[in-house]
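Single-structure report; data block below.
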Amino acid sequence: MDLSNFEVDNSVSCRLSSSIPDACRTEDCCLGIDEAGRGPVLGPMVYGICFCPVSRKEDLKNLKVADSKTLTEAERENLFLKLDEVKGFIGWALQILSPNTISTSMLQRAKYNLNALSHDAAIGLVQYALDSGVQLKEVFVDTVGPAEKYQEKLSQRFPGVEVTVRPKADSLFPIVSAASICAKVARDHAVKSWKFAEDLGDVDTDYGSGYPNDPKTKSWLLKYLDPVFGYPQFVRFSWSTAQTLMDSKAVAVHWDDDEEDGEKAAARKNNTSMLSYFSREKPSEVSQSRDTHRFFTERKLQSINTL
């Protein structure tokens with residue numbers, strides 16, 4: 001699977017897709033939706049759709065697709081190749097949600113939680129299929145949140161399309177299983193070939209499953225926690241696991257507010273105020289010459305004395 005478009009800038013989300021089969025533009029089609037990587041603290045979450053003519057459901061079933069979680073990595077890769085080879089009647093599309101997109105969305109002032117992010121990714125992919133000319137008649141979805149409410153939401157958004165939302169839909173409907181395989185293969189590739197924008201040297205890629213309760217993942221998070229700037233963009237810093245480690249291991253920072261003079265509060269806590277960075281005269285402890293941190297050079301930020 002070619003993820004080069006995503007790898008150009010893996011700090012933002014990206015859509016990838018196959019060509020649209022001619023048969024899908026002229027025949028009634030079914031479409032399945034599933035995701036991979038909802039729970040891990042590392043790497044992207046990938047939403048996938050797969051679609052084919054209703055008349056070819058049996059042909060899809062004959063490919064022996066199954067829930068991606070029940071398959072080995074080699075089996076998933078082999079099945080994705082099979083799906084990609086039958087371009088005459090099967091199409092697919094993916095929305096790769098970067099860790100940075102997920103975390104900034106969840107922590108922005110107007111809260112945008114993971115369920116809402118997931119719903120919007122799924123809706124965007126269905127709309128993409130419709131805009132591409134796919135004659136959608138049936139949509140099958142693995143639920144996120146209460147199935148009945150999600151089904152009603154999708155039915156209202158796409159009138160004229162028969163929507164079915166079920167728990168474990170990836171094990172009930174072959175078209176959802178196919179979408180599950182596409183999403184999981186994409187996430188596996190993205191995680192394995194992740195290009196770190198940060199200068200971390202020779203990165204240890206033995207980060208385990210990426211799930212918060214995995215000891216290897218926890219060890220990796222501790223190893224690559226910068227005490228000032230936190231984690232590389234490979235990490236979903238909005239996850240409680242990452243936040244807990246930052247709270248306990250990172251440098252304490254006093255954030256100035258209106259309740260108390262910032263400089264005095266910082267001094268009382270034996271900290272340097274954030275405002276001191278912008279002052280004309282630097283505190284003695286930070287006045288010595290040193291290289292500017294990459295956080296500032298990457299963003300082309302510098303301190304100025306006058307406007």
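In case you wondered, yes, glycine gets a Cβ from its N, Cα and C as well.
What TrEMBL says about this one:
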- D34, E35, D142: divalent metal cation binding site (BINDING)
- 28-251: domain 'RNase H type-2' (DOMAIN)
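E35 (divalent metal cation binding site) counts 23 other C-beta atoms within 10 Å of its own C-beta, drawing on all protein chains shown.
Shown in sequence order, Y47, G48, S68, V141, D142, A169, D170, V176, S177, A179, S180, A183 are the residues of the chain, 6+ apart in sequence, with a C-beta less than 8 angstroms from the C-beta of D34 (divalent metal cation binding site).
The divalent metal cation site is set by D34, E35, D142; from the centre of their CB atoms, other residues of the chain with a CB within 8 Å are I33, A36, Y47, G48, V141, V144, A169, D170, V176, A179, S180, A183. The 10 Å shell around the Cβ of D142 (divalent metal cation binding site) contains 25 further Cβ atoms across the protein chains shown.
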